[in-house]
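Swiss-Prot annotations:
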- 25: active site, schiff-base intermediate with substrate (ACT_SITE)
- 25: pyruvic acid (Ser) (MOD_RES)
- 57, 73, 74, 75: substrate binding site (BINDING)
- 58: active site, proton donor (ACT_SITE)
């Protein structure tokens, strides 16, 4: 049996941009991607803390240490710059792996700088 667990999370990041006319995705600072164990093109769930909206998209890389957290394409209609969001990636594990697995949780400040991971 496979069990789906949270693999990585970036907690309470601040949206820096919402670009309706860019190809759909979320651009995330590479430093945050690496700390959360996320990879380019990975499917992620986005939870908007301000509105309660939840949606899925995929990851593209933004420059490291830029603090970028940009929702692009149709997803740009679901956020506003300054909104707090939670970005979560999931993975499937067999039961034995699931019992041992520890997710990467990255907490950030209002400028999307790592506070703790």
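Cβ atoms here come from the backbone N, Cα and C positions, even for glycine.
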If you measure between the CA atoms of residue 75 (substrate binding site) and the residue listed as 'active site, schiff-base intermediate with substrate' and round to the nearest Å, you get 7
Distance, residue 58 (active site, proton donor) to residue 25 (active site, schiff-base intermediate with substrate) (CA atoms, angstrom): 5
Excluding near sequence neighbours, so keeping only residues 6 or more apart in the same chain, what lies with its CB under 8 A of residue 73 (substrate binding site)? 19, 20, 22, 23, 24, 25, 57
Would you list, in sequence order, the residues of this chain other than 57, 73, 74, 75 that have their CB within 8 A of the centroid of the site's CB atoms, where the site is the one recorded for substrate? 24, 25, 26, 55, 71, 72, 76, 77, 78
Whole-number answer please: how many Å between the C-alpha atoms of residue 58 (active site, proton donor) and residue 74 (substrate binding site)? 12
Across every protein chain in view, the count of C-beta atoms other than its own within 10 A of the C-beta of residue 74 (substrate binding site) is 11
